[in-house]
């Protein structure tokens, strides 16, 4: 509507016909032209027409122009509002502008004036009280009547733009030097002062405040524009002219790479100096530019302002959103030249090519382990440093990866994204949902070969097998009691935890409460001991103490026994080393047992704490793998030392664990206790039998969190996972080549030894692996 009004007003000034816009009437008329023609005042009309044209251009482009000499500078409306609101910033920039000497050979015949066009109103800067150039006054004696601008004699130099105009006092010259514009500070939203243009901007603001919007300045608008260019946001005129000329005058002294602007060069230099001046106030992490710091802050605040238009998923940075959107379009423009596999990003195909070349350019300085991705190396380094940079804002618990933190956060938020369509019950993880789904399907694919009992999980079947074999692999560190599964052990450990809580309250030195009454013995105790009162002999009997039952229990008081253990703090740790009478043996033994138990309990509490926090402070000196307890570390180190203390009496083959020896003995006896009810095939191990059953059921319970692919065994999933991480832990001792699976390393070893154990029964040809033999069989 405003555009129409301005256009009609301009038509009126040009033609004298006064058109009036009207609403559409019943007879269909849209415009009424009364035909009245006014007497035009040429001078005033020209001024008004120019003002109307400027307003129309401003509405069309959304920009405000400042013109000076040969150059026009365009600001957006938001930028111009900001400049008017922060004129103090530009006034300060004027004071800091250096004085430029006047070249002696510059002569101009005509005078010049400088104008600024602000939103349709043109401003002239030729009064000495309003504008001053670096070399002298502009037009000290008044306005010129017919100014002309001399064209530039040479291209602008690389270090700035210099425009020379004639003074108005007849022969005295002054120059107007436009200094290099100060560089935009990367990542900031505060414009820096515009060197050389500040006086124009400030004067335009003052004129805009003091001048009526209807006052015309057409008489003062006679500037000829030889160079016009729009400079958006924070202006850098010098860089723009360099880009326009195709110049890159800022070379890097390290690598020789050139840049069009010095700000780009400064950012590039940080790749050589590794300077990271922008640090996070939350975690102290440093970054090379402020944009990266801004994105990093969102990991603390959880802000994700960029949402996907397809699925509504939100992201913290626009480039991550762009990468996500390719999952909807299915675009994968980067193919692998070796196998033809396509990827959405060029970086992914670069990493993928390393699976063909075997290249692992990222090595750990601590243990020498190599990786194909830098991100995998960064995660691996945390096993050495113990760094856990992802902390929960609710409880403060820390994690090594962001995915672990995301799963943990659901315990606070209660988020359960996996819901059952049958009953509506929700679960925080996909694995829990899969287990629940089997309860609706009544699927119990795991059956016991001994008794036929069926289970929904292979772990439940594994625990059930132990009721037949009597195996109890989980032992208590305190008392040595063994259990079939870890859950029963945890319940049992609560007994010792109560003991630790009791000891931590200082009751060992309290004469009124004895810690022994919280340790139920396994049989009846009857002892004679000397009373602490007047040396009389007394009998003390402890009855009704039953054998310790697994799980929580209620401590049974030991009647009148407290004073035998402690009286007035006479028994302490040092008392255990004092000479004892025969009648004091019981008191000493019970008290020493209490001291030993407290020490063992403290150790167990330390291990329990590591289990809860995930802390693994004990690392293997050979490979760097970490463990939470010493005995697990010791068991692992046997794989490096080759220690195998359990030997077979038949063939003298040795094993590191007794369970492995028991399975090996079946190779001599021929025992295969686990048989398949579908095909009748038998197995020596229950684990092998469980894997075999999945070939009938088609079950693949182990899914990859990266690509969703499922596998029948955890070992196959582990091998598959290495295709994502690029890990190849099995290296050849001969040539150093690394492999992701041990079987691949085994086949590779045969290329060095020349072993070919698989022979063809038809022609006798031998092969290093069975798959090659199968391919050969097809020829026959």
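If you go along the chain as it appears here, the first residue is 1 and each next one adds 1.
In case you wondered, yes, glycine gets a Cβ from its N, Cα and C as well.
Taken from Swiss-Prot as is:
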ZN_FING   250-272  zinc finger
ZN_FING   278-300  zinc finger
ZN_FING   334-356  zinc finger
ZN_FING   362-384  zinc finger
ZN_FING   390-412  zinc finger
ZN_FING   418-440  zinc finger
ZN_FING   446-468  zinc finger
ZN_FING   474-496  zinc finger
ZN_FING   618-640  zinc finger
ZN_FING   646-668  zinc finger
ZN_FING   730-752  zinc finger
ZN_FING   758-780  zinc finger
Long-range Cβ neighbours of the zinc finger (446-468) (under 8 Å; 6 or more residues past either end): 435, 438-439, 484-485, 673-675, 677, 686, 689-690, 693, 701
Residues in the zinc finger (250-272) grouped by DSSP into helix, strand and remaining coil: 11 helix, 4 strand, 8 coil
DSSP-assigned states of the zinc finger (278-300) in counts, ordered helix, strand, coil: 11 helix, 4 strand, 8 coil
Within the zinc finger (730-752), residues counted as helix, strand or coil by DSSP: 11 helix, 4 strand, 8 coil
